[in-house]
Every structure is written in structure tokens, then in C-alpha cells.
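J.: Before I ask anything, let me first share the structure, which is written out below as C-alpha cells.
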Amino acid sequence: MNERETWATRAGFILAAVGSAVGLGNIWQFPFKTAQFGGASFLIVYVIAALGIGLPAILAEFVIGRRSNLNTISAFEKLGHKNWRFVGALGLFTGFWILSYYSVVGGWVLRYIGGSLTGAYFGAPAEYFGQISAGMDALALHAVFMALVVVIVAAGIEDGIEKATKLMVPSIIVILGALAIFAFTLPGASEGYAYFLSPDFDALFANLGDIVPFAVGQAFFSLSLGMGAMITYASYIDGDQSLFGDGITIVFLNSFVGILAGLVVLPLLFAQGIDPNTSGAGAVFISVAGAFANIPGGQAIGLIFFLVVLIAALSSAISLLEVVVSWAIDNYDVTRPQMAILLGGVIFLLGVPSALDTAWLGWFDTLAYKFFLPVGVLGILIFVAWVYGAPALDEVMKGSGLGEGVGLTWLWLARTLVIVAVVATLVLGFQTLFLGESPAIIPPI
Ligand code: PHE
């Protein structure tokens, strides 16, 4: 069996986890949904969902990971609850599932980096997207994106993931910040801010039944919860740092990047008079890309923008591959590079349908965020809060420096409100999945 690695520093773990959280979800889903669902008033709902539901859930994953120092499946055995391995196994499966199409979208981003250099999408953004999003080109770039993910994961925890994300996460924040300043200088920017952030309580209350489950689901997807990514990353923690402190930092930075992304894309769209009332792939690859065609220096700005999207997508994708690689090397006498290549190859194959037809991609995505992730979160919460119980409380307190009351609040929140919220999200998700509302062709990631 291989010697198990650890993070070199606490900051290394936090940045890797932020890298996992900050991804495509923050850049194209979050800003548009915020605007559509009531601006600042939606932000309040989202922050409550992220802190009240996402934070207790992320802590539950940290507890399993740090307590066991093992991958998502073996962790349950080590904690003395072999029968709960199915939760870990579901997580592993979800990791395969999500990465297969996430990588296809990563391929599109690579394509747009090239397209910015040559100005290829400037003339007819919608047609361009139609041409490159499915088919042999998409397949080839899906392979290139997967190869990049494999290279980082193969290099290991400290030398691969930690070093990469230490560079990537600050770059995402700095570059998005610079783009936000640039967007501020564009004429019409203030209308973009008004659309993004003005509170609209009427819109919020009129659609509360849709908005709350969306906010909760978005918090899970965006915080990479429900498929073992945070369990796996926490399993490489060496020592007793405050899990509360780490969790709050991650939730805060993740929301911050979403807001920053909104401060970039919405002024850009308004400056060009482009209707921002779309979300998903169309918003970024058609509307935002279209805006670059007309602004001064658009080619360079487009290049920088898609570079930042690529970095965000890569730092999330590596956490998805790490979940499965970690399981393989904990259990079999194989090397990390061998497994990264082999499992990366399997995931590439699973992504072939999504690369050939965006309808498949939309279907994979819908199933992941409406079904697999919430079910995974539910399993983890029931296990940690009800089945594991007292040792979980002990683990979450270790190194926190907080009073027992905080831990108990966490445990009881997880046992009650959080579980109820997850079940409600699942039920509502099911309704829209099977009774009406056709799954969006434009993937909601
Ligand atoms: N959190 C990532 C995003 O916002 C996606 C992701 C989901 C990554 C689940 C890992 C696990 O894009």
C-alpha cells in the first residue's frame, strides 16, 4: 500500500477546497440567477442557504474525511459503519458522472480561448457556439481538458493539487477583480449593477417556491457537496485545525467569487445592450462572448475572461478526479499516475455522448444536481448527525477553540433543519424532473 500524502499547509487545504468550490457554477449560473431571482434580495436567501445549510453539510464532510484519513468509501468502514459504504460509493459514481460532462464544457472553454485570439466567434456568436459545442471538435477538446486534469492529479496532493490551486485561486480572484474594474469603466455599467443587485422583494416572494430549492441546490453544487470531494480533500488534513474556520472561509470566498463574476458579466452585457435574461451555457458562450466583439480591446479581454473560466473549471475538475483516484490508490497496489490516467480515460469515454450532443450534456447535468448530489448530501448528513453522532461532535470541536454549544448547534441543525431542507429540495427537484418542465438544453451548471 502506498504511503498516504497530506497537505503541506493549512492554507494549501483551504485553497484547494476553494478551488474545488469555485467553478463554472459561480461564473455563469450564479450572477444570472441572482439577477433573475431578485438581486440583492436573492443574495440574502443564498447567503442564508450557504451558511445555514451548506456550512453544516460541508462540516459533516470534513468530519468524515479528517476522522478517517481515507477515501469516500473506505472512510465509512474505518469509522466502524461498513454498511454506510454505499453513500461513499454513490459519491464515487457521482464523481465519474459529473466530471464526464464538466470536462466537455472545459473543452468549450479551451476552444473560446483560441477563438478570442483569432476573433473567430466575433461575427456570429450563436452560430459559432452551435458549431463547436457538439461533434468531433468538442470531443477532441474534451480529451485535451481531461488530459490537463490528469496531469495535475497524477502529480499528487502536495506537488500537484496544492501547488496548482495555490496559484490558481489567487489568480481567479485577482483577474476577476481586474476585469470588474475594467467593466466599471464601460458606459452603461451602472444599469448592469442595478439589474444584478437591486433588491426586488416582489420577485423574491412571488417565486419563493422555486427560489429556495434553487438556492439550496446551488449552494450544494457550488460548494462541491454530496459526492465526496470535501471528504476526500479533508482526508489529507494532517493535524487539528479549526474545521469551522476553514468552512466559513470557503463558503465566504465561494460566494465572493460569484458576486465578483456578476460584477464582470452584467455590466459587460448592459454596455452592449445584450439581453441578460438567459443563464447557463448560452449566457457565457453566446451573450458574454458576443459582448467582446464590440468593446475596445475585446479580443484581449475575451482571452483573459475565458482564461479565468478555464482556471476555475480546472481547479474544480481536479477535485472530481481526486475522489476516484484516492479510492483506487487507498485500496489497490497501483501508483497515482497509473490510476489518474486509467480513470481519466474511463471518464473521457463516459463523456463521449455529452461531447457529441448537448442534449445528453443537459440530461447528465440535470440528473446530477437534482438527484445525485442532494441524495448524496442527505446520506452524509444522516450518517454523520444521526448514526455517527458523538464522535462527529468530538471531531468537529477538535482544534476549533470554540465552546461545546457551537458544536451542539451544528449537530442539531444538521439533524433537523438541514435534513428537512435537503428533502424539500429533492422533492421539488423531482417534481420539475418528472412532472412538467422539460430539462434545459442549455446546461444549468
Ligand atoms: N463546485 C463546482 C462549481 O461550482 C462544481 C463541482 C461540483 C465540483 C461537485 C466538484 C464537485 O462549478
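Along the chain as shown, the residues are counted starting at 1.
A Cβ is built for glycine as well, from the same backbone N, Cα and C atoms used for every other residue.
Reproduced below are the annotations present in TrEMBL:
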type: TRANSMEM; residues: 12-31; note: transmembrane segment
type: TRANSMEM; residues: 43-65; note: transmembrane segment
type: TRANSMEM; residues: 86-108; note: transmembrane segment
type: TRANSMEM; residues: 128-155; note: transmembrane segment
type: TRANSMEM; residues: 167-189; note: transmembrane segment
type: TRANSMEM; residues: 211-236; note: transmembrane segment
type: TRANSMEM; residues: 248-271; note: transmembrane segment
type: TRANSMEM; residues: 277-295; note: transmembrane segment
type: TRANSMEM; residues: 302-329; note: transmembrane segment
type: TRANSMEM; residues: 341-364; note: transmembrane segment
type: TRANSMEM; residues: 371-390; note: transmembrane segment
type: TRANSMEM; residues: 410-435; note: transmembrane segment
J.: If you count Cβ pairs under 8 Å, which stretch among 43-65, 211-236, 248-271, 341-364, 371-390 touches the transmembrane segment (128-155) the most?
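T.: Between the candidates 43-65, 211-236, 248-271, 341-364, 371-390, the best contact partner of the transmembrane segment (128-155) is 341-364.
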J.: Would you mind listing the long-range same-chain contacts of the transmembrane segment (302-329), meaning Cβ under 8 Å and 6+ residues beyond its ends?
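T.: Distant contacts of the transmembrane segment (302-329): 2, 16-17, 19-24, 26-27, 71-74, 91-92, 95-96, 98-99, 102-103, 105-106, 109-110, 112-113, 115-117, 145, 148-150, 152-153, 160-161, 164-165, 168-169, 171-172, 175-176, 178-179, 224, 227-229, 231-233, 235, 257, 264, 284, 288-289, 292, 335-336, 339-340, 343-344, 347.
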J.: Six or more residues out from either end of the transmembrane segment (12-31), which same-chain residues have a Cβ under 8 Å from its Cβ atoms?
T.: 102, 105, 158, 161-162, 164-166, 168-170, 172, 196, 218, 221-224, 229-230, 233-234, 236-237, 241, 246, 249-250, 253-254, 257-259, 261-262, 265-266, 279-281, 283-284, 308-309, 312-313, 315-319, 444-445
J.: When each of 43-65, 86-108, 371-390 is checked against the transmembrane segment (248-271) for Cβ pairs under 8 Å, which one has the most?
T.: 43-65
J.: Determine which residues of the chain contact the transmembrane segment (371-390) at the Cβ level, with the cut-off under 8 Å and only residues 6 or more beyond its ends counted.
T.: 56-57, 60-61, 63-64, 76, 79, 81, 84, 86-87, 90-91, 93-94, 97-98, 217, 220-221, 225-228, 231, 411, 414-415, 418-419, 422-423, 425-426, 429-430, 433
J.: Is the transmembrane segment (86-108) packed against any residues at least 6 beyond its ends, judged by a Cβ distance under 8 Å, and which are they?
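T.: For the transmembrane segment (86-108), the far contacts come to 23-24, 71-76, 132-133, 138-146, 149, 226-229, 231, 281, 285, 310, 313-314, 316-317, 320-321, 323-324, 327, 346-348, 350-351, 354-355, 360-361, 364-365, 367-368, 372-373, 375-376, 379-380, 383, 443, 445.
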